Every structure is written in C-alpha cells, then in structure tokens.
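Read through the structure below, which is laid out as structure tokens, and then see the notes.
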Amino acid sequence: MDPAAAPEEDTLVAPAAGKGPRRAGKGNWSGSLIVASLTGAFGSSFLYGYNLSVVNAPAVYIKKFYNETWERRYGFSVDESTLTLLWSITVSIFAIGGLVGAIIVTPIVKFFGRKCTLLLNNVFAVSAALLMSLSLLAGSFEMLILGRIIMGVDAGISLSALPMYLSEISPKEIRGSLGQVTAIFICVGVFTGQVLGLPEIFGKESRWPFLFGVIIVPALVQVVILPFLPESPRYLLLEKHNTSKAEKAFQTFLGKDDVSHEVEEVLAESRVQRNTKLVSVLQLLKTRSVRWQVITVVVTMGCYQLCGLNAIWYYTNNIFSKAGINPETIPYVTLSTGAVETLAAVFSGLVIERLGRRPLLIGGFGLMIVFFAILTVSLTLQNNVHWLPYLSIFCILAIIASFCIGPGGIPFVLTGEFFQQSQRPAAFMIAGTVNWLSNFAVGLLFPFIQSGLQTYCFLVFAAICFAGATYLFFVLPETKNKTLNEISQAFAKRNKVSLEMQEMNHYSGERKSSAEQESNFTSSVDNGETKKGIV
C-alpha cells in the first residue's frame, strides 16, 4: 500500500462512535490473535508435519502388513521390489494429494473465505484418519494409501490457506513472527509423530494404526474453537465489501475499539482494487510488475523442498543406521532431531522481526551447505574412525537447525508479503504447486540418489542450497516492516517497470479526493453497511 494513502502510526485518528480521540498504536499480540494463529496452525500445519514423520517409526510393521495382506489374497509373498514400490508409493503419494489441494485451494478460499476453508478442510483430515487407522482391521493396504492421498489434499489446502489467513490478520509489525507460526507447528507436528512412534507408546506392531487415528484430535480442536474467531478482515473488506464485519474482526484481533486507522489502510488498497477481479495463475504470470516476485517464490519454495530436509525425515532411520547407530537406539536419537527443529523454528520466530527475512534465509542455506559437506566426509570415512558416526549425527542436527531458522518458514511469509489481495490466492497456488511437486520428487527419487551416489548423495542438496542462496543474495530485498508498495518498489527496477508507471498502475485512483473515493467505494457495497474511516 502507498504510505501516503494512510496516516502514520502515531497520527491522531478520528474517534469511533462514543469514543474519544486516541493514537493508533503499533499492532501487538492480542489474545484473539494468538488463539487464532495457534488453533489454525494446530489443525493445519501441525498435521502436515505430523504426517511427514508418522510413517517412519511403523515402517517395518506396515511393510509386514502389506506382505501378509498380499499373501492372504494371492497365496504367495510379495517380492522385494514390489514391496519397495508399494512403500515408496505410500510415502510419496502424500505429495500428490498435496498438489491436488494446492491446485483447488484458490476457488475455495475465494468462495468460502480463509477461516471457513480451514474449517471445511477438516473433512479431509477426519476421513483420512479413519481410512488409515482402520486399514489393518479391514485387511486393506489400499485404505492406507488412499488415506495418505486424502491427507495430502488436506495438507495442500492448509499450507496455502493458513499462511494466507495469518498474513491477513496480522499487523505488519509482527507479520513475520506470526507467519513463522506455520513453520513452528510443522516442526511440532514432526516431533509429535516421533514421540508417539516410540515403542513405549504407539510404535508397536499392534498399535501402529493409532498413530493415524490421532490425526482426528487436532482436526476436532480446530472445528470446536475456530468458529468463534473472525474471518480475515482484509477478505471481508476487499472481497466481501462488508466494512462492519471487517471492523469487528480488526477490533477482535487487535484488541482495541478504535480501528479506523487499520480500516483506512485497507480501504486505500480497496480503492485500487475496486474494479479488479481475482487474478488467475496465467494472469499473474503475465503481470510484469510481479514477475521477479513470482520467480523468487518459485525459487524459495523449490529450495524449501529440494534442499534435502524431507529426505532426512522420510529416511532418517536408514541414515542413522548407516551412521552406525544401534537399531534399538535409533527412535530416541530421531527424537532429538524433532526437538532441535522445534527449538530452531521458535528461535527464528523470535528474531525474524529484528534480523529480517533476508539474512535468516540466506544464512540458513549457507549453513546447510557447510554441514552437508561435513556430513558427506563423515559418512565416507566413518568406517575408518570410530567417532565419526557421532559427527554425522551432529551434522544432521545442525542441518535441521539451519533449515528451521530461515528456509523452513520464511518462504510462506514471503508469498503473503509480495502480492496484493487479488493476486495472493494465485500466488499461493503457484507456491503450493512448486512445493508439492518438489516434495514428491524428493520422496520418490532420494532412495535412488542414495543408492547411486552412496555417501556423496547429500552433495546434490548442498548444490541446490548454494544455487538458492546465490539467487536470493542478488535478488531478494528485505521485506521486514515494509508495505506492499515499498516491496513492489524494491522489485521495480528488476521487473523493468518504472516507479512512476508502477505507481500509476497500482494507485491510479488516488488522484481523487478521499471523500470521493469513500463515496465510490460505498456505492459498490451491496449490503449498505459500509462506514467511512475518517482521518
């Protein structure tokens, strides 16, 4: 948004009905904002992280279930290659479902809104949980595979709808920290899957279906709590043209009565977008003024998956086994990876508004390059030096921490910051498509890469991290505490769009007086509830 279109944050704003004048203070963490972010993430990104790690612990028992089912049906045991294929499909098909979810999310969030999309998405989570948890009882491994697809659809929708919701309900002063809630709960989900997969809990042959039944709990928590919280105020104002509900949503999330400053800021954007429909993916790709923003989202989301962290989650037991760790100790060593990931993500959320997006993202990739190189040397020479397996474990933990301080969450934040309201759903569809295609590629190809390159397999991921860090160093501007207009100006030269032209394209309506703009905006509202934000 244009800074000139809205008052400065310490400017006196006109009183709301029955209220005296007050200063518009900086956004802070209200109780409703915290509850909305935690509840939204617990039923969304938490489940994504949980389903990344939950298949790891019971892998041996699930493969045995596949073999027994095959033998009962056909009278002979499944051959090793077919069993490996079935297991690879079970692991990687989660990403196919995610791709479907990422593709269908745009019309869903447009029609139902951000909050309602998160609520409706729980239908997929509960259905998937029932299919997977009852597959052993029904003697059907197809139910487990189908459940993984449906759970992927849930994750694909939530990883677009949740960051969109969080970016639209948060003040710009804490936009990065609130956006990191998505990454933090992914990490918590991974850690929870590891804890519940311990032999003392559900990591036994007779109990592994409960690991999938647990998925119902976060979904039900979200269904119970989220309806009592408002929809995104920006969605209500810019897409539903309901200023009354938008004001109430702002009041709830910001914890104050006078929200005329915030309403005026969004109205400034609404003047520009009043006649702009939701853009399609093709239209977004053709828009020169956001060309490098789109490229940057594609690069960050591609590196988010291709940097190799999901390969560690999918095959962490095998990696630790090759590092020389006792098989009985592996579940507990794996637990440390989830704990480190969670702590690093929390650390990133605490410092992102101080350090900014750019140093955390580039620095995270840089550290991953270093530790991937050390891990390669360690794995290559571990048979010659008795203490090198412990160095391998340290490197894995360091890679996880390096990922989580920046690359693990900031791509979602950037996608919400780069684009205006009408472009954001299409941008998240592009980001989600890249995310899930890359996820599928890693899950499917990493076993073959590992088999072919042996201990040198992680050099592939180091090269990807290097390419990503180099691109971001030269292209990515800092977006901390910046408005949409300021971020667009930072990209203007690279997009070969002059600042004057970009200003004219984005803010052509600003030539009219504020009163005239408000009048025009009011006339477009069909429910008659629009109120002016007087400054």
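Just so you know, glycine gets a Cβ as well, placed from its N, Cα and C.
Note on TrEMBL: of 1-26, 235-260, the range annotated with the feature region 'Disordered' is 1-26. Remote same-chain residues near the transmembrane segment (178-196) are listed as 33, 37-38, 41-42, 44-54, 56-57, 159, 162-163, 166-167, 169-170, 202-203, 210-211, 214, 313, 331, 334-335, 337-339, 341-342, 344-346, 348-349, 352, 404, 408-410, 412-413, 416 (criterion: CB distance under 8 Å, separation of at least six residues from the stretch ends). Within the same chain, residues 53, 56-57, 176-177, 180-181, 183-184, 186-188, 190-195, 197-199, 203, 312, 316-317, 320-321, 360, 393, 396-397, 400-406, 408-410, 413, 480 sit at least 6 positions outside the transmembrane segment (330-352) and bring their C-beta atoms closer than 8 Å to a C-beta of that stretch. Using a cut-off of 8 Å between Cβ atoms, the transmembrane segment (426-447) and the transmembrane segment (208-229) share fewer than three residue pairs, counting only pairs 6 or more apart in sequence.
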